[in-house]
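Record features (Swiss-Prot):
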type: ACT_SITE; residues: His65; note: active site, charge relay system
type: ACT_SITE; residues: Asp110; note: active site, charge relay system
type: ACT_SITE; residues: Ser204; note: active site, charge relay system
type: DISULFID; residues: Cys50-Cys66; note: disulfide bond
type: DISULFID; residues: Cys142-Cys210; note: disulfide bond
type: DISULFID; residues: Cys174-Cys189; note: disulfide bond
type: DISULFID; residues: Cys200-Cys225; note: disulfide bond
type: DOMAIN; residues: 25-249; note: domain 'Peptidase S1'
type: CARBOHYD; residues: Asn44; note: N-linked glycosylation site
type: SIGNAL; residues: 1-18; note: signal peptide
Amino acid sequence: MVLITVLANLLILQLSYAQKSSKLVFGGDECNINEHRSLVVLFNSSGFLCAGTLINKEWVLTAAHCDSENFQMQLGVHSKKVPNKDEETRDPKEKFICPNRKKNDEKDKDIMLIRLNRPVSNSEHIALLSLPSSPPSVGSVCRIMGWGTISPTKEIYPDVPHCADINILDHAVCRAAYSGWLATSTTLCAGILEGGKDSCHGDSGGPLICNGQFQGIVSLGRHPCGHPDEPGVYTKVFDYTDWIQSIIAGNTDAACPP
């Protein structure tokens, strides 16, 4: 009970401590309590860090720029004020980041695989999310979710995660929005061209879900969020599935795509 209370307080303070590159869901609605069972909270003694996604009973996938010292993970969370009976807390046993990632570039290979110190089991509010069998096509409708701000300019955080539908866009849209950024095949460009819906501060590391499959990881975006023609950039999970599966199988020297 003490741990649950501490987590609730940390989540309430998430805005004050969220890193600048974090993102949150703007323009969405309250998620159904059972549609985000794979969503994971990463936090430490200072507060909320990022989101993550449960892909295996022992493994969570998040963004590499979410890496921090001494963090924990909470699973099965919906309301920050009313804990679910099946919420679980885990520590990281091992963390894996692409060995060829550019250390001075948070946008490069923004993916991290975390092994839990103990497995978790499916429950009413905890479930795995499937890795993709194929990449999403331009125009696909996908779901984003998180406890991030629900305002593009003000720090207004909901008590429960919000969800929104956005579209996979052509890389040219993101190249135009982020001058100096070279879109790569290992990223996805996703959002709403007319604006109004977006991931934003606080949602970093969370999932982009298309047709029930885990297609993207929240990585990069504009602030304020939700501006027209300024979509978000997501790590393309499909291109890392071989690396992910190799690590889980025990090949810790596996290489990421270039």
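One is the number of the first residue shown, and numbering goes on along the chain from there.
Including glycine, each Cβ sits where the backbone N, Cα and C put it.
Sequence features, as recorded in Swiss-Prot, placed on the structure.
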residue	record	Cβ within 10 Å
Asn44	N-linked glycosylation site	14
His65	active site, charge relay system	22
Cys66	disulfide bond	25
Asp110	active site, charge relay system	27
Cys142	disulfide bond	22
Cys174	disulfide bond	24
Cys189	disulfide bond	24
Ser204	active site, charge relay system	31
Cys210	disulfide bond	22
Cys225	disulfide bond	28
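A simple way to gauge crowding: the CB of Cys200 (disulfide bond) has 27 other CB atoms within 10 angstroms, across all the protein chains here. For the pair Cys210 (disulfide bond) and Cys189 (disulfide bond), the C-alpha distance works out to 13 angstrom. For Cys142 (disulfide bond), the nearest neighbour among the active-site residues His65, Asp110, Ser204, judged by Cα separation, is Ser204. Put simply, Asp110 (active site, charge relay system) is 6 Å from His65 (active site, charge relay system) when counted between their Cα atoms. Cα of Ser204 (active site, charge relay system) to Cα of Cys50 (disulfide bond): a span of 5 Å.
DSSP assigns Cys225 (disulfide bond) to coil, not to a helix or a strand. The distance from the Cα of Cys189 (disulfide bond) to the Cα of Cys66 (disulfide bond) comes to 20 Å.
For Cys174 (disulfide bond) paired with Cys200 (disulfide bond), the C-alpha to C-alpha distance reads 15 Å.
Packing around Cys50 (disulfide bond) is summarised by its Cβ count: 31 other Cβ atoms lie within 10 angstroms of its Cβ, all protein chains included. The average pLDDT for the domain 'Peptidase S1' (25-249) in the predicted structure is 91.
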